[in-house]
Amino acid sequence: MLALRSTLPRYVRACYSRPPLTGQVNKLGVKIPSTFNQSSSTAIKVAIQYPCRHYTTDKERCGTSKQVAVVGAGAVGSTIALLTMMKNVASEILLVDQNGEFALGQTWDLADANIVNSTKVRQGTYKEAGQSEVVVITAGAKQQPGESRQQLIDRNYHILKEIIGGMQPIRKDAVIMLVTNPVDTLTLIAQNLSGLPRSQVFGSGTFLDTSRLTVYLSDLFDISASCIHAYVLGEHGDSQFIAWNAASIGGRPLLSFPEVQKLDKEKVRLSIANKAMDIIQHKGSTYYGIGACASSICESVLRNSMDIRPLSVYVKEVGTVISLPAKVGANGIEATLPIPLGPEEHRQFMESVKKLREIGERYENLNGIEKS
Ligand SMILES: NC(=O)c1ccc[n+]([C@@H]2O[C@H](COP(=O)([O-])OP(=O)(O)OC[C@H]3O[C@@H](n4cnc5c(N)ncnc54)[C@H](O)[C@@H]3O)[C@@H](O)[C@H]2O)c1
C-alpha cells in the first residue's frame, strides 16, 4: 500500500495522507465510504473524488481554503484574478487597489463569473493582503509605446514601498509574487523590504517570454507548446536570452533539428524580447499572456505541485535577482535548478546579471534600502 501511495500524483498523495473518518458525512453532505481504508483502488478514487477542500493535507497548505490577494486591480491584476478563480484553487480572492471605486467595480464584475467557479472575490486592504497565503503584486505604471521596463522603476518603486509597508506585519508563511515591471529589480527590492525569506518572494520573470518562445516553436514544429522544453532566461527585458543548448522536444535536443539549425537565433531572440512592445503598439497593454502565466504560478503554490518555471529568483552566486528555472511549491521557490548553458548563452546570462546588479545596487543605495 505504501509503495502504491508513493506512485500517486503529489496532489492526490497530499489529500490522501490524512483521510477523514470513514462513515462520516463531509461538509458537502456526502457520506465517506467505509471502504476508504480497505482497498488501495478505492482509496485513490476517494482521494480524487473528495479533494483537499474537505480534508486537511500533510502540510495544511493544499489549495482550496486559501486566500490570494491581488494588489493592483487593473488589466493585469483582474486577468490574474479571473483565471485564478476559474482554476478553483483558492477559496477567496482579495482585490486591492488605490482606486477604491474601480476595485469595487472589478470585484462585482468578477463575481459574475461565480456561476462557473467557486472562488469568492471581494475588495480588500493592504493589511488584509499581508495576511493572505499568496500575494500577487501588479499595481503600478505600465510601459507606454517606446518606453523600456526599466524606465518604470521610479514610479513603481514608490508604489511598491507603500504596498509592502501597508501589508506589514506580513504573515510569516506568505508567498509574494511580483508582476509589476521592472519585475527583476522590484523583486529584489521587495525581498529586502518584506522581511520574508527570499525564497518566498519572487517575480514572474521570463515565464511570459518563455511562453512566447514555446508558442513560436509550437508553430514551427506543429507540436503542442506544452511539450516543448525551452526557456528564455536572464532579465525580463532587453538583455534576455534563449537557452537553446538545454532545449528539447520529446527528449531530442532542439539544436539537432534542421529547422532550428537554420534559424537566425538573434532574430528570434529579438522578436520574443520585443513582443510586448508590438502588442502595446497595437492595443495599449498586455495582460492575457501574463494573466495565464501568473495564475498558473498561484496554482503551483496552492497545489504544492513543484512545477519548474523560469522565474525571477535571488541567485546567491551572482548576487542578484534574475530568471532561472525554479521549482515552485507551497513555500514559494523550493529550489533553483542549474541549467547547462553554451558559451554564448553564458556570456548573455552574465550580461543580464551585470545590468540587473548595477540597477539593483544603484537603486538600493539611492533609497537607503537595507539588504536582508
Ligand atoms: N511581468 C510581466 O511579465 C508583465 C506583463 C504585463 C504587464 N506587467 C506590468 O504589470 C503592471 C500593471 O499593468 P496593467 O496593465 O494592469 O496596468 P493598469 O494601469 O491597468 O493597472 C494598474 C493598477 O495599479 C493601481 N495602483 C497604482 N498605484 C497603486 C497603489 N499604490 N496601490 C494599489 N494599487 C495601485 C492602479 O489604480 C491601477 O488599477 C505594469 O507595471 C506592467 O508593466 C508585467
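Just so you know, glycine gets a Cβ as well, placed from its N, Cα and C.
Listed features, source TrEMBL:
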DOMAIN    67-203  domain 'Lactate/malate dehydrogenase N-terminal'
BINDING   Gly72, Ala73, Gly74, Ala75, Val76, Gly77, Asp97, Asn156, Val179, Thr180, Asn181  NAD(+) binding site
DOMAIN    206-361  domain 'Lactate/malate dehydrogenase C-terminal'
ACT_SITE  His236  active site, proton acceptor
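Features as recorded by TrEMBL, highlighted on the structure.
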residue: Gly72; record: NAD(+) binding site; DSSP class: coil
residue: Asp97; record: NAD(+) binding site; DSSP class: coil
residue: Val179; record: NAD(+) binding site; DSSP class: coil
residue: His236; record: active site, proton acceptor; DSSP class: coil
Proximal but sequence-remote residues of the same chain as Asp97 (NAD(+) binding site) (Cβ under 8 Å, at least 6 apart): Val71, Gly72, Ala73, Gly74, Gly77, Ala103, Gln106, Ala139
Which same-chain residues, if any, lie at least 6 apart from Val76 (NAD(+) binding site) yet have Cβ under 8 Å of it: Thr138, Lys142, Val179, Ser285, Tyr287, Ile290, Gly291, Ala294
Candidate with sparsest Cβ neighbourhood (10 Å radius) among Gly72, Gly74, the listed binding-site residues: Gly74
Per-residue Cβ crowding (10 Å cut-off), top of recorded positions Val179, Asn181, His236: His236
His236 (active site, proton acceptor) versus Asn181 (NAD(+) binding site) - Cα distance in angstrom: 9
Across the domain 'Lactate/malate dehydrogenase N-terminal' (67-203), average pLDDT on the 0 to 100 scale: 96
Residue counts (helix, strand, coil, in that order) that DSSP gives for the domain 'Lactate/malate dehydrogenase N-terminal' (67-203): 66 helix, 25 strand, 46 coil
Among the NAD(+)-binding set Gly72, Ala73, Gly74, Ala75, Val76, Gly77, Asp97, Asn156, Val179, Thr180, Asn181, as the record gives it, the longest Cα-Cα distance in Å: 17
